[in-house]
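The compositional bias 'Polar residues' annotation in TrEMBL covers 1-13. If you look up TrEMBL, you'll see 89-525 marked as domain 'Major facilitator superfamily (MFS) profile'. Look at TrEMBL and you will find 1-27, 540-562 tagged as region 'Disordered'. Summarising the annotation, TrEMBL assigns transmembrane segment to 87-109, 129-150, 162-181, 193-210, 222-244, 250-269, 340-363, 375-395, 407-428, 434-459, 471-490, 502-521.
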């Protein structure tokens with residue numbers, strides 16, 4: 001079979017041997033760009049016929065052809081399978097994030113029942129505000145621990161641990177006391193603290209895993225899966241609250257079941273090849289990368305995989321030559337402190353513009369904004385709007401980049417918040433009572449297009465590999481610390497300032513956020529992680545010719561397959 005294929009190839013080859021050499025060079029360049037750093041690939045010989053044994057019948061090796069006594073894998077088919085595998089593995093990693101979304105939205109659908117006059121175990125307003133906000137208070141702890149766990153036990157085991165904690169949290173609520181208020185309140189607050197740790201833990205691992213297994217052209221759409229999973233988790237909990245409005249224990253039990261399913265599916269996900277390589281587990285890194293790049297069925301050496309592994313190995317060696325510096329010492333380097341300051345600032349505008357307040361107090365905000373429909377139905381519409389907008393972000397990231405959607409998002413949030421303030425000052429007449437509903441849903445849609453999702457998407461790509469774990473942890477720490485203050489203070493702000501003035505404050509913060517994005521936040525669309533790092537170093541990093549060919553080819557193949 002190999003001889004017949006080789007004969008066909010020889011009949012088609014031009015007389016000019018330089019054309020054949022150019023074709024071989026082009027095929028050599030069709031390798032996935034390093035997910036850590038771009039290093040000019042060194043030549044690796046293709047597999048010889050003796051190594052490959054092409055005369056042996058191999059039903060699964062249909063995508064093999066011979067050329068000049070050598071064999072190689074058809075790049076197009078490999079990239080089609082690889083794109084599919086990257087998507088599947090990222091989805092498995094981000095199933096863990098569903099618990100985070102459910103935890104964020106849980107108070108929105110339970111506060112009504114827990115504070116109802118008909119409830120014998122009713123919470124007062126202070127207790128209810130702690131129930132809503134204490135998870136955000138615990139989030140920073142999870143953010144700090146996540147960096148250590150990511151580097152110590154890896155991405156996969158960190159995600160598995162997060163699922164175990166989620167199951168414990170939801171189970172505590174599901175079995176909480178029905179007769180003793182003090183016991184019930186203690187159990188619920190303990191569960192909310194645990195789910196808060198989970199929310200802080202899960203923000204970085206899933207997006208970092210997706211960024212490390214993705215090719216540059218797919219990195220945008222895969223890292224946004226974390227935001228999509230949060231949105232889906234919020235929608236799931238809102239929907240369950242709408243269907244089962246009076247039984248918060250049953251809702252928690254269903255959430256625990258979802259976490260059990262996520263934990264089981266994680267067993268089928270390979271560990272990040274980049275992390276395995278950093279731990280000198282090269283054989284495991286090769287097996288993992290083969291599976292992710294669509295070569296799982298091949299036991300032979302794959303030149304494309306070998307080249308990517310070489311880049312990972314060179315990167316690890318370069319880090320070790322630089323020495324094992326502490327994170328505090330590395331903070332003095334511009335490629336670390338610049339992106340850290342920028343991303344924390346971006347998250348700051350996200351939090352103080354009221355995005356998470358709307359998630360946590362969805363039903364309450366709907367009532368205060370003069371929304372006429374059932375508050376629980378409004379929360380479901382909010383969840384659906386967020387999911388639809390997040391799906392759109394997956395396309396926007398790879399086409400428009402990061403800055404234009406963020407600018408549009410901030411302007412939309414500004415308009416909607418000022419509109420809600422006007423509705424609070426001057427309640428619309430009966431024929432126009434649909435306006436507040438439209439403004440809230442539009443706010444959710446526009447905020448999701450930029451300010452909610454972009455910081456999380458950029459979190460995984462701004463930091464160098466040497467500090468990606470701890471830097472992400474520090475960022476999540478400050479993000480959820482700010483989230484705690486905004487959520488805890490919201491009822492107090494409404495009480496002293498009035499809902500209209502609170503909406504105006506959120507709108508003003510959105511305006512400042514737009515200016516911040518325009519003048520401070522960098523555009524990372526189409527850049528390799530090495531180029532982003534060099535940007536913060538102040539270095540000019542143009543693409544090499546081989547890199548341009550490589551990324552164009554990978555982009556075309558990915559577009560065909562996704």
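For all residues, glycine too, the Cβ spot is worked out from N, Cα and C.
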Dominant neighbour of the transmembrane segment (471-490) in 87-109, 340-363, 375-395, by Cβ pairs under 8 Å: 340-363
Recorded stretch, among 193-210, 222-244, 250-269, 375-395, maximising Cβ pairs under 8 Å relative to the transmembrane segment (162-181): 250-269
Other parts of the chain folded back onto the transmembrane segment (340-363), taken as Cβ under 8 Å at six or more residues beyond its ends: 104-105, 107-109, 111-112, 132-133, 136, 234, 238, 331, 375-376, 378-379, 382, 410, 413, 417, 440, 443-444, 447, 451-452, 454-455, 458-459, 462-463, 471, 474-475, 478-479, 482-483, 486-487, 490, 502-503, 506, 509-510, 512-513, 516-517, 520-522
Residue numbers, six or more beyond the limits of the transmembrane segment (129-150), whose CB comes under 8 Å of its CB atoms: 103-104, 107, 110-111, 114, 123, 157-158, 161, 188-189, 192-205, 208, 275, 356, 360-361, 468-481, 483-484, 487-488, 491
Cβ-Cβ under 8 Å with the transmembrane segment (502-521): same-chain residues at least 6 beyond its ends: 342, 345-346, 349-350, 352-354, 357, 369, 402-403, 406-407, 410-411, 413-418, 420-421, 424, 450-451, 458, 490, 493-494
Contact ranking winner - 87-109, 193-210, 375-395, 407-428, 434-459 against the transmembrane segment (222-244), Cβ under 8 Å: 87-109
Cβ contacts the transmembrane segment (193-210)/the transmembrane segment (250-269), at least three under 8 Å, sequence gap 6 or more: no
Region pair the transmembrane segment (407-428) / the transmembrane segment (434-459), three or more CB pairs under 8 Å: yes
Same-chain residues at least 6 beyond the ends of the transmembrane segment (250-269) whose Cβ lies under 8 Å from its Cβ atoms: 89, 92-93, 95-96, 98-99, 102, 106, 109-110, 156, 159-160, 163-164, 166-167, 170-171, 173-174, 191, 236-237, 240-241, 244
Distant-in-sequence neighbours of the transmembrane segment (434-459), which means Cβ under 8 A and at least six residues beyond its ends: 203-204, 207, 220, 223-224, 226-227, 230-231, 343, 346-347, 349-350, 353, 355, 358, 365-366, 369-373, 378, 381-382, 385-386, 388-390, 392-393, 396-397, 402, 405-413, 416-417, 419-420, 423, 428, 472, 475-476, 479, 510, 513, 517, 521, 524
